[in-house]
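Engineer: So that we are looking at the same thing, I have put the structure below in structure tokens.
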Amino acid sequence: MVGNIAGASVRDSCTLAILPEGHAVTSSSLALPSDILVNTFFPTHQLSREYRYTCLECKAAAATLDSMMALGATAEEIEDFAIIECVTFNLYPPDVCEGMVRLAGEEVLFVLNNTEYNYDTVCGWLLGADCHNTELNPWTLAVPSGKPQPSHPEPDQSPAAMVKILHLSDVHLDLLYDEGSRAECEQPYCCRNVYGVPEAGELVAGRWGTLAACDLPLHTLEELVVQAALMDIDMVYVTGDLPPHDVWLQNHDTNLMAINETMKILAKYFPDTPVINAIGNHAPAPVNSFVVPAAYDNRWSMSWLYDSVAELWTPWLPSDTRPDIQQGGFFSFSPMPGLRVVSINMNYCNKFNWWLLMENADPTGELAWLVNTLATAEATGEFVHILGHIPMGGSDCDHIWSHILNEIIVRYESTIRAMFFGHTHGDSWEIVYDPESNYTRPVAVSYISPSGTPEGGHHPSFKVFTVDGGHPAATWSVIDAEAYNMNLTEANVEGGTPLFTRRYSSRDTYGVTSMTPVSIHQLMLDMVNDVSLFQQFDWNTHNDWVDMPDTWTCDKTCLKGRLCGMVSSDSSSHQACHNLEDYIDSVYPL
């Protein structure tokens, strides 16, 4: 719908998703109507976690674009104008302005011409309750009845009954990382030789990585895998985001190269160990761009990515997984008797995937496939682990998709024994609750692991999960989770050792007997009642090596803010969060 308000709004929401992380749009950049247009191309999701686009700005940007199109501006003229404004207002360096607009422009314009939504709908869908809480076309999915009585047996904790799973996420491998280069530069992304040699007093890119706007060097990834391979790992779960954050410079080849190099290292050190992947939002170029089948007949497709990963994952997967991977980047298989691992592609719930503005109702049939897969597992007595990238309860995940996925998980709660996600770069979890209990009965847990990349100030990390498995009576439930990370500050000093050290064990540190839904739910309540326990947890979830402060405070508001996200797996409902807030108020009435 080029030339009207509907088209303008889509242009706005799409470009909200294509920014590199690390820089913020300032309030001064909103001074002129023309600069609002720049924010249409350069908003915040990939570039900053500090600035949030407002409803007014969203609609103003849409109106500006609408005016330009009404005056007969061509697509190229609109892109040119956005680039000029970006440079004029010094929002980003010229090559970043040029790269991002040109990279996504053709795709965005195609969606602009083929959507039915007006700017009220798009801005409301993107921004939620602060902007009329509008959704895209509502849709439903039939979830089979006949749910068996819920069963969550305690896992067998004898040593002979334990399987160890390495969970690696958000590696963001930078094949151009250069030790000794500038770690602080004029670009949103640094630590490459093209940005010059550091001057006196400037931060220098370290040998093993840098706590700056820089990603993981290849040799650090290899060191991580080498050390993890010594831990008697039985399976490896990789939950996406292997390419770096230089999103304005990327193309299909650069992203596939990062994925390929990561798979080569894993194959080298885990040749006989199942390595099971899920696709992250940084896999495609442009970032977040997962084409829906409705656009396939117009030369757009995902075959370049899905065919490639189907081939790269071949060493670990049976051939019958290939059709599902090629259809939508999802698959399932049984790596051990009694266990089925289901890898789902969460990028069709991603609000920053502009293609959903053309087709949002389970576009690849993935959720229908998931129901059938879980129904078969239930009938055959298999237990299931689910892998994905974007956690289903976060604001990035479309409310309808999130709600339906929660319905599926609640229906098959006795079959699903664990879920593993990444994306946030943090160390956390999300508890799934049964809506029929008013979100008070826990039924499942998503374990969210920290990032391999140090970008954003996180020391390179991974987790090892101990699971009851590998024997006929296995529950395949999680017993313990151990977090490991490398202290970059120590490793980068002359003569330093790149050692990944165990930061904590959930069982040892928090006193839980297992990590089943009931245990994690009780741990949440215990942390409300025990300030020292919550303090230890809160500090552990920050992937740094700063000593815990002597004085530390977190009032009721702080406590609610830190814990609410961990009980919110359904982005369409805040009831579980409200329940926790009520409990906090009952413990701390004043």
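Note that Cβ sites are derived from N, Cα and C of the backbone, with glycine treated the same way.
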Engineer: Among H425, H458, H459, indicate the single residue that TrEMBL lists for the Zn(2+) 1 site containing D170, H172, D241.
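Structural biologist: That Zn(2+) 1 site, as TrEMBL gives it, pairs D170, H172, D241 with H425.
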Engineer: According to TrEMBL, C58 takes part in a disulfide bond; indicate which of C14, C123, C131, C185 is its partner.
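Structural biologist: Its disulfide partner, as TrEMBL records it, is C123.
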Engineer: Can you match one of H385, H389, H399 to the Zn(2+) 2 site that TrEMBL gives for D241, N281, H423?
Structural biologist: H389
Engineer: Pick from C14, C55, C214: which cysteine does TrEMBL list as forming a disulfide with C131?
Structural biologist: C55
Engineer: Non-local Cβ contacts of C397 (disulfide bond) (under 8 Å, 6 or more apart, same chain)?
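Structural biologist: For C397 (disulfide bond), the qualifying residues are M346, C349, N350, K351, I390, P391, S571.
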Engineer: Which residues, same chain and not among D241, N281, H389, H423, have a CB within 8 angstroms of the centroid of the CB atoms at the recorded Zn(2+) 2 site?
Structural biologist: S169, D170, T239, G240, I279, G280, H282, M346, N347, I390, G422
Engineer: Excluding D170, H172, D241, H425, which residues of the same chain place their Cβ within 8 Å of the centroid of the Cβ atoms of the recorded Zn(2+) 1 site?
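Structural biologist: So the additional residues around the site are S169, V171, G240, G280, H282, G422, H423, S451, G452, T453, E455.
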Engineer: Could you work out which of the disulfide-bonded residues (C190, C191) has its C-beta surrounded by the smallest number of other C-beta atoms within 10 A?
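Structural biologist: Each of the disulfide-bonded residues C190, C191 was scored by Cβ atoms within 10 Å; lowest is C190.
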Engineer: Near H389 (Zn(2+) 2 binding site), which recorded positions out of C58, C86, C123, H172, C190 have their CA within 10 Å?
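Structural biologist: The recorded positions close to H389 (Zn(2+) 2 binding site) (Cα within 10 Å) - there are none.
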Engineer: C123, C577: which of these disulfide-bonded residues has the sparsest Cβ neighbourhood within 10 Å?
Structural biologist: C577
